[in-house]
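Undergrad: I have a structure I would like to understand better, so I am pasting it below and will then ask my questions one at a time.
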Amino acid sequence: MPARPTRVLTGITTSGTPHLGNYVGAVRPAIAASRDPGSESFYFLADLHSLIKAQDPARTQRSTLEIAATWLAAGLEPDRVWFYRQSDVPEITELTWMLTCVAGKGILNRAHAYKAAVDRNRAEGEDDDSGVTAGLFMYPVLMAADILIFNADRVPVGRDQVQHIEMARDFGQRFNHVYGREWFTLPEAVVEAHVATLPGLDGRKMSKSYDNTIPLFVPEAELRRLVFSIVTDSRAPGEPKPVEGSALYELYRAFATPEEAAAFGQAFADGIGWGEAKQRLADLLEREIAPLRARYLDLVARPGDIEDTLRDGARRLRERYATPLLAQVREAVGLRDLSQVRLGSLQEEEAPAAKPPLATFKQYREADGRFYFKLVEGERVLLQSHAFDAPREAGQAIAALRRGTLALAQAPATLGEGVDASDVRAALDAIAAADADRAAKTQA
Ligand code: ADP
Ligand code: TRP
């Protein structure tokens, strides 16, 4: 049975202009990871999140375009990676509400970003919540919806975001518990320890908050000017220079092969002058960035194409995952089709005998000695499995289908004659609902 690929998901807040630190710490490793055939990647522009910090419409739009173009210029392939804009998937905001209703307010009180705002207010003798929007407070719930809606397994993030992933697990778990089955996969945060933190012009971490960045796609002359403004010490040419603590060396290393980095380190020991070292760094940066910059400029000159790419990603993603998932979640919480209600059955979920016949899984062995299962509804075969070598494998596939952790499209099985995938999904949903019912009754 083909295991479902590991789902790797991360969001990029659309605020500001990407800099070398973002490229080295986020864009470059994520694109490399997206080429792993064992994973299914979801990279999205977290434009709804950006509204929490920035309320400048023109800036939000410009940043969204710049960041989308950056990822595409850096080699992201929208045919093999889900690349989309958060606000193009309205199911995310809908799920946010469902999660809001199970999220503990006390947990949100402890979120770092919110707590930092409260602490600042206290230090200044203000009201705790002065100037704090409900958006800032709810930020982790929106982020949980981003992650849970696609049942992401792994979420690569910076250390500051780990708490949010833990909250996503908590909200997902509560939802699963309240609504009686494993609706959501619980995600794991992945903090890339081997990815360097790039220093900025002043030697502190490169960050837009410190205003010490080298924007990724400035013109070459500006790039060289910025490199020449990197802070160095007063050691003269000919004097040996340590590589430890040198921003210049760290920046060089992030773009060099190990051999080049070693040679640069040797040049430091041999007393290279700062001017020449900067020259070499600028050349090295230009080597990697120039082709990306050319693609970037080409892309931003055709913003309509970027718009189409993003919309197309969101459209396919909704169809494939978001819309069916929300249909299930609505059903789970009881936002249901009223035409199916029979009078007198509203007090409790109706008695099993009154339900329409459920489809059932049948497991069997063929004359070929191999093991199979099928999903049947009365006489009709809805789903016919491929052959398994062991009955356990067939059993596991059935269990995963029942729990909803194995998507129908990935199941080792084919649809029965004239059967529509939506019929099978409906039958699986009904079985899952019955399973949940039974579980709830045994708990009660
Ligand atoms: P900034 O600090 O400029 O506001 P963000 O917090 O928006 O940057 O970071 C976006 C992504 O870029 C995150 O994944 C973060 O880990 C990465 N990143 C930001 N600055 C650096 C840096 N100096 N070195 C390595 N990675 C960085
Ligand atoms: N909050 C994240 C940041 O500022 C961005 C983000 C939004 C995100 N939604 C996400 C990251 C979901 C991972 C998963 O960096």
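FYI, residue positions are counted from 1 along the chain as it appears here.
Positions of Cβ are set from backbone N, Cα and C atoms, glycine also.
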Undergrad: Check each of the ranges 90-94, 205-209, 275-279, 345-349 against TrEMBL and return the one annotated as motif ''KMSKS' region'.
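TA: The listed stretch tagged motif ''KMSKS' region' in TrEMBL is 205-209.
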Undergrad: Motif ''HIGH' region' per TrEMBL sits at which of 14-22, 59-67?
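TA: Spelled out, TrEMBL records motif ''HIGH' region' over residues 14-22, not the other listed ranges.
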Undergrad: Go through THR13, ASN22, the listed binding-site residues, and name the one with the sparsest Cβ surroundings, counting other Cβ atoms within 10 Å.
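TA: Among the binding-site residues THR13, ASN22, the lowest count of other Cβ atoms within 10 Å belongs to THR13.
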Undergrad: When you tally the Cβ atoms that lie within 10 Å of each candidate's Cβ, which of the binding-site residues (ARG159, LEU198) has the highest tally?
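TA: In terms of Cβ crowding, the pick is LEU198.
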Undergrad: Between the Cα atoms of THR13 (ATP binding site) and ASP146 (L-tryptophan binding site), what distance do you get, rounded to the nearest Å?
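TA: The Cα atom of THR13 (ATP binding site) is 12 Å away from the Cα atom of ASP146 (L-tryptophan binding site).
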